[in-house]
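According to TrEMBL, the protein carries these features:
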type: TRANSMEM; residues: 29-50; note: transmembrane segment
type: TRANSMEM; residues: 70-89; note: transmembrane segment
type: TRANSMEM; residues: 132-149; note: transmembrane segment
type: TRANSMEM; residues: 156-175; note: transmembrane segment
type: TRANSMEM; residues: 187-207; note: transmembrane segment
Amino acid sequence: MAEVSALSSGALMRRGPYISMITNRTMNLLIRAAMLFMVGVFLALVLNLLQVQRNVTLFPPDVISSIFSSAWWVPPCCGTAAALIGLLYPCMDRRLGEPHKLKREWSNVMRCVAVFVGINHASAKVDFANNVQLSLTLAALSVGLWWTFDRSRSGFGLGVVIAILATLATQLLVYNGVFQYTSPDFLYIRSWLPCIFFAGVITVGNIGRQLALYEYKVSQEKTHQD
């Protein structure tokens, strides 16, 4: 019995660090997801305010229910999407073995956010001769944002795929009358919308990478201390 007890206690001692590691990893994942969700909600409120103020997007009066004149479901949806994208980017980097080559600093991430807000601001407030000119300008700015702050093939590929899916989802929402765009020129939406989605994906992906890097640095410091 003593030997069995000793073996059991030895097994628990060996499993202890592993269980602790799994618990910490899960907790860190949840914390990152919550932070990304809040970032997505904040960006949705601010950016949608720009669109509504310029009458680029129109919501029916009965669904406008916040001080930012945004439908109640827009911020949670954007927050959820931001959490998924922000967690997916560092995961894809590890899976593909493609480390991020550019400088990883919070100041760089904040510059990326500022450029993304500027691109969205341009789509709402800068007047162009026609929609084609606006769409080409925003496409160039979005690719420039990727080149300046990302430059990874996985980042570009995920940005394109998610932008296409988001555009299709928006088409369905507008088709079903959930909201509408003024002067649509690409089926039911504006032709520059995929550029905004692409730039948003790159921006949230960079935030997710930075949060994952911070978590990795903290875990490494704890390992060295132990």
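Glycine too: its Cβ is placed from the backbone N, Cα and C atoms.
Unlike curated records, TrEMBL annotations are generated automatically.
Segment contact is absent for the transmembrane segment (132-149) and the transmembrane segment (29-50), given fewer than three CB pairs below 8 angstroms at sequence separation of 6 or more. Taking every listed stretch (29-50, 70-89, 156-175) in turn, the largest tally of C-beta pairs under 8 A with the transmembrane segment (187-207) is reached by 156-175.
Sequence-distant contacts of the transmembrane segment (70-89) (same chain, at least 6 residues past either end, Cβ-Cβ under 8 Å): 29, 32-34, 36-41, 43-45, 48-49, 52, 59, 63-64, 154-155, 158, 162, 166, 178-179, 201, 204-209, 211.
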